[in-house]
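Right, one structure below, let's go through it.
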Amino acid sequence: MLKASNPVAKYAGLNDDCLYLQYEGLNPSGSFKDNGMTAASTHAVMVGAKVAACASTGNTSASLAVYASVAQKFKVVVFVGSGKIALGKLSQALDYGAKTVQIQGDFDDALARVREVCNEEGIYLCNSVNPFRLEGQKSIMFRVLESLNWEVPDWIVVPGGNLGNSSAFGKAFMELKALGLIDRIPRLAIINAQGADTLYQLYEQEGLRWNGGNYDRAASTDFFSQMDQENRRASTLASAIEINRPVNFSKSLRALDVCDGVVREVTDQQILDAKAQVGAGGLGCEPASAASVAGAKLLKSEGVIASSDRVVCILTGHQLKDPNATVAYHSATDEHMDEKLTSHGVNKAPFSNGPIVVENDLDKIIKVIRSL
Ligand SMILES: *Cc1c(COP(=O)(O)O)cnc(C)c1O
């Protein structure tokens, strides 16, 4: 669903009717992952897979679990890092009947393991290294263009985690242009969380470019070995993008090349503030999704995005995926901030909207209501 949102446009510094939110929270499992998982699970059935697996920060597992339970053709094993998965997402995997394996470590560890396990055991791998996932995710851009009557917007802004979405979007635009269905390609902005900013570091800080496919592989290899040496781990409240080793890194360089793209990083403070504004504007999203709006606001303040540009922000997942983050933010007061928030650098909550505690007394309640 694509919706123009003037309250959110105002927050980002854009003119009325210039900001569109592509809301992916209404998919069967509540995130954009379903666009790709429907294709991958169809392929799994076609090749007669008996077991499919994925590593997940949560939404991939929820999505795979849904499609597997509908298909009833293969079992599902999902690998998650310990303590790294939002409750809404974990509850989905459990309820849809996926076998959930919790390993010590984070998403990057879980993905490395699941790839080994799939190789050893001949299990069908459903992470976004699976090309059918990316083919399916191209359809998000088809739907955006359809909703805009095929008038190409100026910008697509998307959070970057494993970089499957951004890679798929680049491929979609490349193909649509080659087919003559669009006459120009929108610019792409990929937004990392500051605590998980590999793409930002390599693309913006080190100037790594696709270069016709001959990109400087040593630069990325060096980056990752240094990361290992320093034992640097991804850390952000936006758990869906808490990834330091994006598997679609090289494909995303191609997407950035095709779409004359930029990469930015935003803090967890910027993400949660933007999330509260998105919610107040009528489309609730999870933290990672709000990185797109925080990124659009940042790019507008830098003058990279103009206030009259037509900007589409992808809201990747539903508000109810991560209720803990939402409640922690809205319950914050000047005197008390949730520890999990402050440990991620979120020290204020300018848009918090906490519950008002009132005695069960009619006069007192009315007094509160009148003061609203
Ligand atoms: C998976 C996910 C992302 C990251 O998408 P990538 O394609 O891995 O870059 C962002 N937001 C949400 C809600 C997700 O589930």
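Here the Cβ of each residue, glycine as well, is placed from N, Cα and C on the backbone.
Heads up, TrEMBL stuff is auto-annotated, nobody curated it.
Listed by TrEMBL as binding pyridoxal 5'-phosphate are G161, N162, L163, G164, N165, T316; the candidate from N15, N59, N231 that the record includes in that site is N59. Just so you know, the Cβ of G164 (pyridoxal 5'-phosphate binding site) picks up 26 other Cβ atoms within 10 Å once every protein chain is counted. The C-beta environment of T316 (pyridoxal 5'-phosphate binding site), restricted to residues of the same chain at least 6 apart in sequence and closer than 8 Å, consists of E24, S31, F32, N59, V158, P159, N165, A240, C285, E286, A288, S289, S292. K33 (N6-(pyridoxal phosphate)lysine) carries a helical DSSP state (H, G or I).
Across the domain 'Tryptophan synthase beta chain-like PALP' (14-317), mean pLDDT in this model comes to 96. Reported as a whole number, the C-alpha separation between K33 (N6-(pyridoxal phosphate)lysine) and G161 (pyridoxal 5'-phosphate binding site) equals 12 Å.
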